[in-house]
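Novice: I grabbed these lines from Swiss-Prot:
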- 71, 73, 86, 89: Zn(2+) 1 binding site (BINDING)
- 462, 464, 466: Mg(2+) binding site (BINDING)
- 810, 884, 891, 894: Zn(2+) 2 binding site (BINDING)
- 1372-1396: region 'Disordered' (REGION)
- 1372-1382: compositional bias 'Basic and acidic residues' (COMPBIAS)
C-alpha cells in the first residue's frame, strides 16, 4: 500500500534494467503501435493562446497535456482526475512529462523509400533487387517505368521503360499482357516479391559454380545481405515507408521568444513540409487529378521525407528562412555536435570550480590548497547537512542565509566537512589518466588553487597562468575510489613506462645537484665528524664548506637488517641528502656519492619505491623537494653573459670545414661527384663541425680551474643547469656559445650554408634570415600537429576501449620472442628491460651451459631480469597480449605487470585505454616541443659500425677482396658478428657494398671500427675482373650526359628509358667480359651482368678494365631530411592505420633462387624458384612484376630467404603478416613505432603498442569456407569463427581455411562488434544502416557503449559488479531448472511405457 501512495506522489520509476540493445528495421505495424495518434495538420500552436492545435504537430490529445495533471480546456485539474480523458478536448490528465515519450505518426498517401537504405553506400535496396542504384533512383523519382511482371511479352523482369517505351509496349502487346510500375510502389512491390530463402539458395549454387573473382565478390555481398534479412526477421519491403513516425514534441520544442516570435527546432519545419505535401497528395488523389500532377506531388513527398531523415544526402540541401541548411534527424546524431559525442559521451559534471593555479611548496604530496570561497561553494550541501545535524539552524533557508553571510561557525563546519574528503583536480587537456588526480584540500586565503610542485609533470602544468578544475566526489563510493585509486600518492609511477613520474625538476634538481658537488681545496677538507649536527655547527662557524671532502659517521642497514654506524667519505652537502634516505639494506650512501642529475634522482626515487614501498617514497620525495628548494635558494646560482664560453678552437674548426666544403665544391666542379653527393657531403661536414665545436665548448666548461690557494673555482652556472637537467639542454648551450649550425628550409631540406655565429656573438643579417625559417616552421607545425595528435589518440582509444583484463590466466603456451634492441653497436634497450614485468612462455636456458635460468610461467621481476642479463641469453619467449587466448579482453598473465603499480595487473583494469593514452599523450607533447631547438637540423646518418665487445670476428656470407685488400660485402645477407668465448655477442648486417676493416677470425678490441660505407649512395660492385661492356646504353634514350651549369663537367647518368616509345624494350646493363668476349661467370653460376636502374651514375665506361670489388655505378640515395617528430606523428598514424607505403618494398614470399624472366611491357619479371621440399615435390615458382627503373636489391642467381626484400623501401605491414606471420608483424610495428618515440627520447613500454596491434588483428578472412556455411572473403571475429568452425567439425564437415587480416585502427573501430561504439566513432549513418539491416544486438561489453546507455563501465569496480551479475544470472537459471525438475509429475513416464 505504501508503495502505491509513493507512486502517486513520486511517479519516477526505476529505469528498466537491460543487458543488451537490438536495432532493426521498424515495420509499419510497429510504427503504428508506438504512435498515440495520427498527425493530420501541419499547424503547431495557436499564436494567440499558445495552445497546441488539435491534430497538429504539438497536439495535446496525441502527445499529452502541456501542464501536469491538467487537461487542455481546463475542465479537469489536479491529481484526483489522474488517468481520466477529458470528453471536451480529448486530453488525458497526466504528467506533462509524457510529451517527451509519446510518439505520433503520419500515414503517407504513397509509399516512400527510406533514404538511408537507398543512398547510404552500399545501397541496401539496390543490392536486394540486384539493380544499379541509378536505375532505382530513376524509378523512384518517376523518370522510368520498371517491368514487374513481363507476362508472355519479350520484355524482361526489372527492365526500365521510358514513358514513350511504355506507351509503345502497351500498344504493341496490349494493356493487360504485362505490368510495369513507377515510383516507390514499384520498388515496394518488387521487394515484397523477393523470396529470401529461394534467392539465397540460388545464389549459393551460383557461388559454388563460378570461377571469376569479380562475380564471387558480387554474389557473396548479395548473399550476405539476404542472409542478414533472413536471420534478423526484417522484411525487405520495410525499407520503403508507408508510415512516418513523429518524435515526441518535447524533443523538437517550440519556444516563444519575447516579441511574439518563436524559436523552433528545424525538425518541425521538415515535418511540416512532409504533412503539407502528404495532405495535398491525398486531396489530388481524391480529386482524380491528372497523372502528371500526382506524380510530381509524389516525387515532392519523397524529397521532403528524404530531407527529414537526412537533409542534403540527395539533391540540394533544403534551407530554412535564414538560408541555413535545416538539421535533419541524421544530423542530430552524427559529428562532434551530434547526440552521441556531444550529449552521451560528453556529459558535463556538476560540483566543480575552476581557478588559476599557483605553486604550493609547503604542501604535502597528497594535499592541495583550496581557496575558502571556492570550498564554501563546492561543499554547500554538506555544510547545510552538518549545520542541521548540529542544531545550528532549523531549516535549509536558515542554513543558506548563514552560509551567505559567512558567519564564523560556518568556517568551523567547513573545516570539519573538508577533513579527509578528497577533491579531484583536473587540468585540460587530459591526455592520460594522470591528468585527473585526487588531493585532500587545505583551506587557504586568496583565490588561486595551490598545487604541489612534484605533480606538475603528471599534469604537464606550469604556473604561467594555467587553470585547473576542481570536482567534488559526492557519494561514499566515489570518495573511496578517489582516495584509493586516484590519490596523487598512489600515482608515483607513470602508466606509460613504469618509471617514477613524481620526479623533482628545475629548482629542486639544481639545489640537489649543487649539494652533491664535491670540490678540491675547500676549507675543512679531511676533517672527521660524528654526525650531521656537528657538521652543521661547523658550517655555521665557517670551518667547513658545503663541498669539502670530509669523513663522517653515517647510519646504514646491513643485509641482515641491523642498523650500523660507519665512517664514510662524503661532503657536508651529500650528508644532508643521506640523512633523508630511508633505512634499507639496498639503499646506502653509495647511491648519492656522485653528482645528482635529474636522471640520477629519478633512479633514486625508483629504487626507494622498489625496496621500501609507496609510503616511504612519498615521504622521501616530499623531504627531497623541501631540501632542494631550500638549498637552491641558499646557493643563489645565477649567470651572466661571461658565463657563456666560446671555445678557443672554434675559428680553426670553422675554417677547416670551410676548406673541406670548398674541396667538395671543387670535386663537384671536376665532375668527380654529383650535385646531390656534394650537397650530402657538405651538409655532413658542417653537421660534424657543429658537433665538434659543441664538444669543445662542453670540454672547456667542464675544466676545473684552481685559484692560487689550490681551491677549485665555482663550476660554470650554465653548465650546472644543463648538466643537472634543471633547465636547458646541450643543444641550446651549443647555440649560445658554440655555433647554431645547419638550418632547415620550410620544405624540410637542409640549407647548405650553416649559421657559424652563436647568440653571444650575434647573427649576421643573412644568418638571422636563414634561422627564421626554422622558428616559423616550428610554430606552424605545433598548431597543426596538436590537432593531428588529438585525433590519433581518439582513434586509438576507440579501437582499444573494450580491451579489459577479464581473467587471471588464459593458460596459453604461446608467446612472442624478445631480443635486445641494438643499433650500430649500441644496445638501445637491453633484453632485461624488455622482458621486465612479463611472464615467461617457456623455459629460459643459458645458451652456453644449457642450464635452466628461469622456468616457464614465471613472473619476471627486477632480480630475474638481472639474472637473464647475466646469463647472456640472446632471446626470451614471453607471454604477450598478442597471443592471449581470452575470448573477450585479455588475461592478466599475458599482460604482466601493471606499470603504474609495479605489481601484476588486476582483473578489471582497462588496459586498452591506458595503452591508447600512453601512445597518444607524448604525441601532443612532442608536437608541442618541435621548436625548442629552434629548428636546428640534426642529421641522423649512420655509416659505420664498431665492435662493442672484445672478441673474434666471424664473417658469414659472400665477400670479395677489393683492390686495396679490404673485404667488400657482396650480398644482402652477409653478417658480421663478434664472438666472445665462442658465444655470439653482437651481429651486424652491413649493407651491400660496405667495406670491412677486418677479416674473418681477426681479434678486435672494444670500440674498434669493423667496417664503413657511403650512406649517400648505393654502389653496384663487380665480383670478377674483366673488361666492361655497356649494353642498351643509347645516348639520348637510356643515358644522358648531365652537364652541370656551374662547373661545365659532364657525367653519364642512366635516364628513364620508358618515357619514349623507342626505348620501351631496352635493358640497360653493364657486363664484365672474359678474354674470349663471353660473360664472366659469378660464384653463384649467373652471368656477370649488372642491370642499371634509372638515376644510376656510371663510374666506368665501355671497354674499361675492372678489378674485383670495383664500383661500376652508384645509385644516389635521398638527401638527409631532418628527423623531427614531424616525420614521426604521421609515421605513427600510418603504421597504426596499416596503410600501404607509397614506394613499398617487395618481399620474397618463399626461400629460393632468383631468376630474371622475360620483360613485360615496361615491367621487369623476377621469378623465385623454391627448393625441392621434403617429399621431393617442386613447389610452384612465384613471379613478381616490377616497374623498370626501380633498383632491384638482388642479383640474377642469388639465393634469398623468405621475407627478404627484393626491392628496398618501407615494407607493407599486410605483406609481413601474410608472408612472415603475426609475430613478425608485431615485432615490425613495435620496432617502427618505438623508433619514432625513441628518437624523441620518449620511453613507452612495448606492451601498450602490442595491445593496440592485438585490436588490429582481431579479424580473420575466410579463404575456403569448407562446410561452415560462411562466405568466402568474409571477415569475422576470431571467437565467432571458432564457434562456427567447432560446429562444422562436430557435424563432421570440412573445416574452413582462414588467414589473419590486419585492419587499420579506424577500420577496426568501425568493424567492432558493438554498433553503438562504432556509430559514436565515425560514419554514424553507415554504421546504423548496416546494423539495422542485420538486426544487430549490442551486448554492451566495451566501455563506450556502457557510457552511452548510462551504466557502470565494465572496468574497475564495474567489472566486479558485472561478474556478480553473471553469477546471479547463472544461479537463477539453476534455481528455475531445479524448480521445474521438482514439479515434474512421475506417472507420465509410467503411462508412456504402458502405451509402448
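Here the Cβ of each residue, glycine as well, is placed from N, Cα and C on the backbone.
Small disclaimer: the values here were computed from a predicted structure and weren't measured.
What does the local environment look like for each feature on the list?
Specialist: A 10 Å cutoff on Cβ-Cβ distances gives residue 73 (Zn(2+) 1 binding site) a total of 14 other Cβ atoms nearby, all chains included. Classification of residue 73 (Zn(2+) 1 binding site) by DSSP places it in coil, neither helical nor stranded.
Secondary structure from DSSP puts residue 462 (Mg(2+) binding site) in coil.
For residue 810 (Zn(2+) 2 binding site), the same-chain residues that are 6 or more apart in sequence and have a Cβ closer than 8 Å to its Cβ are 884, 885, 886, 890, 891, 893, 894.
Here the compositional bias 'Basic and acidic residues' (1372-1382) has, by DSSP, the following mix of helix, strand and coil residues: 11 helix, 0 strand, 0 coil.
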Novice: Would you count the other CB atoms within 10 A of the CB of residue 86 (Zn(2+) 1 binding site), including those on all shown protein chains?
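Specialist: Result for residue 86 (Zn(2+) 1 binding site): 20 neighbouring Cβ atoms inside 10 Å.
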Novice: With the Mg(2+) site defined by 462, 464, 466, which remaining residues of that chain have Cβ atoms positioned within 8 Å of the Cβ centroid?
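Specialist: Going along the sequence, the neighbours come out as 357, 461, 463, 465.
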Novice: Going by C-alpha positions, which of the binding-site residues (462, 464, 466) is nearest residue 71 (Zn(2+) 1 binding site)?
Specialist: 466
Novice: If one measures from the C-alpha of residue 89 (Zn(2+) 1 binding site) to the C-alpha of residue 466 (Mg(2+) binding site), what distance in angstrom results, rounded to a whole number?
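Specialist: Checking the Cα atoms of residue 89 (Zn(2+) 1 binding site) and residue 466 (Mg(2+) binding site) gives a distance of 60 Å.
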Novice: How many Å separate the Cα atoms of residue 86 (Zn(2+) 1 binding site) and residue 464 (Mg(2+) binding site)?
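Specialist: With distance taken Cα to Cα, residue 464 (Mg(2+) binding site) is 66 Å from residue 86 (Zn(2+) 1 binding site).
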Novice: Just to verify a number: CA distance, residue 462 (Mg(2+) binding site) to residue 73 (Zn(2+) 1 binding site), in angstrom, no decimals.
Specialist: 63
Novice: Using the alpha carbons only, what distance in Å do you get between residue 464 (Mg(2+) binding site) and residue 73 (Zn(2+) 1 binding site) once rounded?
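Specialist: So the Cα of residue 73 (Zn(2+) 1 binding site) lies 63 Å away from that of residue 464 (Mg(2+) binding site).
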Novice: Residues with Cβ closer than 8 Å to the Cβ of residue 466 (Mg(2+) binding site), same chain and 6+ apart in sequence?
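Specialist: In sequence order, the residues whose Cβ lies under 8 Å from that of residue 466 (Mg(2+) binding site) (at least 6 apart) are 356, 357, 427.
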Novice: In this structure, which of the binding-site residues 71, 89, 891 has the fewest other Cβ atoms within 10 Å of its Cβ?
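Specialist: Fewest other Cβ atoms within 10 Å, among the binding-site residues 71, 89, 891, is found for 89.
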Novice: Counting Cβ atoms within 10 Å across all protein chains shown, which of the binding-site residues 462, 464 comes out on top?
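Specialist: When each Cβ's neighbours within 10 Å are tallied, 462 leads.
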Novice: Identify, among the binding-site residues 884, 894, the residue whose Cβ has the fewest other Cβ atoms within 10 Å in this structure.
Specialist: 884
Novice: Using DSSP, would you call residue 894 (Zn(2+) 2 binding site) helix, strand or coil?
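Specialist: Note: residue 894 (Zn(2+) 2 binding site) is helical by DSSP.
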